[in-house]
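Asker: I am attaching a structure below and will ask some questions about it afterwards.
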Amino acid sequence: MTDLITLSDEVAAARAGAQPVVALESTIITHGMPYPRNLATARAVEAAVRAAGAVPATIAVMGGRIHVGLSEAELSHLAQAEDVAKLSRADLAVCLAQGGVGATTVAATMICAARAGIAVFATGGIGGVHKGAEDSFDISADLRELAETPVTVVAAGAKAILDLPKTLEVLETQGVPVIAFGQDGFPAFWSRESGLPAPLRMDTPEAIADAHRMRAALGLPGGQLVANPIPADAEIPASTLAPLIEQAQAQADARGITGKAVTPFLLQRLFELTEGRTLEANIALVLNNARLAARIARALMA
Ligand code: PSU
Ligand code: MN
């Protein structure tokens, strides 16, 4: 496996010196945000990880290899490339075998991070059970990856475009610890509260690191979902978004959008319907998650 992975010099040095590393995904860059804000955000997230005392490792597939830690040129290329594949667990090996270019989702980033010995990963929001899943069966592979692969994922909850009660139920069934950071409620991506209680709560990075270690000590597979609420000054009230999410979902249904295209379509429609407010909130929450992930990565090294 290690000969499939290319570590950047910075990540290789950090791994060799037992310095804390935070994995970052690339689908948020290629499919989650428009250019050029995606590139500026990817750079700012890496800077936030560094400022918090850890080394960032943005992950993507290029030239038949998993790149853990991207150069400035690679990041810039990825942010503007048009035909980048969105890779989840199902697509990762095929893309590698064919030598293609692919951006890793939460699921695929977890797989690559674990293989590279990285225990902590920051993103915006995980995928989950889509509204209407009782008919579409659209349930993100991110959920089962959390049950399988030992990486602690820091997200602002699950994206509010999803059916959050069903998402929490599936996570419970899969045995995934869902830990709200510093509050009792489960956050809803662009909003601090979903109205649903979080199954677990922790208030310090050290407590999250201890739980991560304990899971390994028990021999349990899988990771943890840390649900970190968006900063208060950046949030959009859930009541403002609810009708717009319904509208976007109705348009997705009417246009027959399915599969991998659903999440990017809904994020883009909400960006348009809110005149860009969801993008600003998304950027704020990713930065916030990067900072917390760096603190957890440091606590794991202590
Ligand atoms: N977080 C964001 N924006 C995104 C994503 C996460 O702030 O676009 C991506 C992640 O890569 C996640 C994916 O894995 O959305 C979910 O896609 P799907 O619903 O198709 O599993
Ligand atoms: Mn899906």
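Cβ from N, Cα, C; glycine included.
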Asker: Going by TrEMBL, LYS86, SER140, ALA141, ASP142 bind substrate; tell me which of VAL61, VAL68, VAL106, VAL120 is listed for that site too.
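Answerer: Answer, per TrEMBL (substrate site with LYS86, SER140, ALA141, ASP142), from VAL61, VAL68, VAL106, VAL120: VAL106.
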Asker: Check LYS86 (substrate binding site) against DSSP and tell me helix, strand or coil, would you?
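Answerer: Its secondary structure by DSSP: strand.
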Asker: Using a 10 Å radius around each Cβ and counting other Cβ atoms from all shown chains, which of the recorded positions GLU25, ASP138, ASP142 yields the largest count?
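Answerer: Result of the Cβ crowding comparison: GLU25.
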Asker: For a Cβ distance below 6 Å to any atom of ligand 1, name the recorded positions from GLU25, LYS86, ASP142 that qualify, or say none.
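Answerer: Within range of ligand 1: GLU25, ASP142.
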Asker: Using the centroid of the Cβ atoms of LYS86, VAL106, SER140, ALA141, ASP142 as reference, list every other same-chain residue with Cβ within 8 Å of it (recorded substrate site), in sequence order.
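Answerer: Other same-chain residues with Cβ inside the cutoff are THR27, SER88, ARG89, THR105, ALA107, ALA108, ILE126, GLY127, GLU145.
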